[in-house]
């Protein structure tokens with residue numbers, strides 16, 4: 001009996017229908033399940049009693065003999081019908097079927113006379129409301145319009161389009177609307193085709209653009225777009241969001257109407273019709289929205305389950321549709337009411353039943369409904385109850401131990417205790433929903449449990465179940481008790497010395513303190529027993545300055561947080577001001593004005609030093625430049641002397657002396673500032689062999705008179721016998737300036753030879 005055959009399930013459910021006045025109507029309903037099954041019907045939620053006009057057939061269907069839209073007593077057979085089936089396991093309700101009477105109103109739009117030039121576009125329209133939607137056909141001159149003519153386009157909403165007009169298109173037009181309720185004819189309209197085809201240029205113009213449509217999936221949408229212009233414009237379609245329209249089920253009617261067959265939700269969007277002048281970018285646009293609805297359908301059906309007493313049963317029901325469907329739960333055909341142990345979550349998609357008992361055994365239904373339709377699915381909850389299970393534990397008591405601990409104790413059940421394998425303690429904050437409950441397992445020989453890690457000043461509920469291998473007992477009585485209040489924790493305290501007579505106590509606010517009303521601050525000299533304080537501070541204060549202190553002693557500072565449950569533990573710090581005083585003596589305050597003046601003097605000295613250094617660098621550079629230039633001039637003179645033609649060796653000594661004297665006088669005239677020839681530079685430019693030097697020195701010693709020590713002697717010789725002798729300067733007056741002839745000392749050794 002617990003299998004599938006015991007469940008009630010619909011094989012056929014009633015569906016929406018349109019009934020004809022005075023005609024019979026049958027609403028079908030077929031159910032499977034364990035007999036006996038009773039089937040009843042409701043209309044608009046009210047039970048239908050069998051009568052001559054409406055009664056239930058043997059197969060469960062409802063038969064209405066003569067459907068009446070309005071009866072003599074003012075009632076109507078129109079409405080929402082549902083079928084209910086019941087057996088001893090429960091009751092299920094079918095989806096709602098909407099029944100409407102077939103009707104047809106009068107035409108509220110009739111075709112109008114039109115005069116259009118040849119080659120133009122003519123459009124006629126007629127509209128009428130009816131159930132079911134009337135089929136509209138067009139007649140020309142009392143004959144059906146030839147739909148094989150590709151220039152004639154008939155749209156479903158009662159529109160006739162004629163393109164490329166010709167004279168033969170002139171005539172009288174009217175439309176005929178037909179459905180199961182009636183047949184009606186519109187007024188007539190005359191079409192006159194005038195003149196010949198015009199060649200005058202006309203900008204593209206959209207006569208009629210697409211209208212906003214709301215349809216259901218699998219229906220057909222026709223978006224109208226008719227345009228005129230000369231030359232004839234090209235009509236194109238696009239989506240405003242840029243997505244492609246696609247090709248599946250897409251068709252163009254006439255010269256620009258878009259038809260989409262077998263609609264899906266993805267076809268929803270805004271469609272843009274564009275009329276383009278051929279070969280240019282001149283265009284006109286019009287747009288309309290298409291909304292495609294989808295009736296509710298299940299993605300996940302609820303499943304029938306079996307659960308032992310005291311456990312949790314969960315049913316899941318997921319539905320989709322456009323617009324998104326609303327989900328409603330029924331229990332045995334009645335709206336399910338939530339309670340402490342029955343909860344709905346996830347937008348009613350999940351039904352949870354906590355601590356189930358035998359009264360929860362029923363058939364649960366999920367109804368999903370939106371504006372496009374409704375559907376239902378059912379599942380049965382079977383509550384397992386074995387004979388011989390223990391009775392509920394007795395004498396449950398809860399005692400508060402501390403702010404975070406409660407001790408729960410109980411006594412063993414009165415009946416069927418031999419098979420008990422353990423107990424389960426169910427714990428929950430009294431203010432929390434049932435789904436927030438948690439459990440702790442306890443051995444079968446233990447009849448108390450210390451519950452820890454609770455929140456201070458909070459009420460908790462407890463109950464016990466005894467478990468066997470075949471199931472659990474019913475729950476014991478629920479007991480509720482509150483934890484004690486908790487004093488705040490120790491605050492963090494920091495001491496900062498401000499000056500020799502004041503300190504600042506600071507601390508950090510923290511959630512670890514718990515609930516607190518404020519702080520108490522104490523301080524004292526360490527050699528005294530009496531504290532100064534308490535200084536009461538609000539909970540949002542985080543600092544306090546202690547002043548008028550004695551710098552020669554050590555102080556103790558104590559801070560604690562308090563609330564309505566008492567004072568918390570205190571934090572103690574010691575502070576001495578003596579070091580501050582000593583630092584002040586050793587490092588007296590600076591004379592700011594004096595320091596500022598010293599800073600200014602130091603800055604001036606630095607600037608002067610920089611200027612002196614730069615000046616020295618400039619002079620050094622100039623000295624090097626001019627010295628280098630002088631050396632170049634001296635080298636040039638020597639080269640000029642060397643370029644003089646050589647004389648015979650017999651005359652070399654005399655000529656050399658004369659030339660040497662002249663050269664010295666010329667040099668003295670050019671070098672009146674005392675500059676001397678760079679001997680090393682000349683030696684490098686004109687090297688001479690040692691043997692030749694000795695000969696030259698001997699020759700010059702034999703023929704040259706003595707010379708003062710202040711002058712430098714230079715002998716001009718052939719290049720291969722050239723030598724130079726430099727003497728150290730003498731402090732005596734320079735004889736060259738008095739006209740004495742140059743000479744070399746006979747036995748004087750040169751200071752520098754090259």
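Backbone N, Cα and C atoms are what each Cβ position is placed from, and that goes for glycine too.
As annotated by TrEMBL, domain 'Ig-like' applies to 8-100 (among others). Taking H, G and I as helix, E and B as strand and the rest as coil, DSSP gives the domain 'Ig-like' (8-100) the counts 0 helix, 44 strand, 49 coil.
DSSP assignment over the domain 'Ig-like' (105-192) gives 3 helix, 43 strand, 42 coil. The feature domain 'Ig-like' is assigned by TrEMBL to 105-192 (among others).
Residues or ranges marked as domain 'Ig-like' in TrEMBL: 204-287 (among others).
Among the features that TrEMBL reports, domain 'Ig-like' is placed at 295-382 (among others).
If you look up TrEMBL, you'll see 392-486 (among others) marked as domain 'Fibronectin type-III'. Per-residue confidence over the domain 'Fibronectin type-III' (392-486) averages 90 (mean pLDDT, predicted model).
The domain 'Fibronectin type-III' feature in TrEMBL is assigned to 487-583 (among others).
According to TrEMBL, the feature transmembrane segment maps to 606-626. Same-chain residues lying 6+ beyond the ends of the transmembrane segment (606-626) with a Cβ under 8 Å from its Cβ atoms: none.
For 643-654, the entry in TrEMBL reads compositional bias 'Polar residues'.
The region 'Disordered' annotation in TrEMBL covers 643-754.
Residues annotated as compositional bias 'Basic and acidic residues' in TrEMBL: 663-673.
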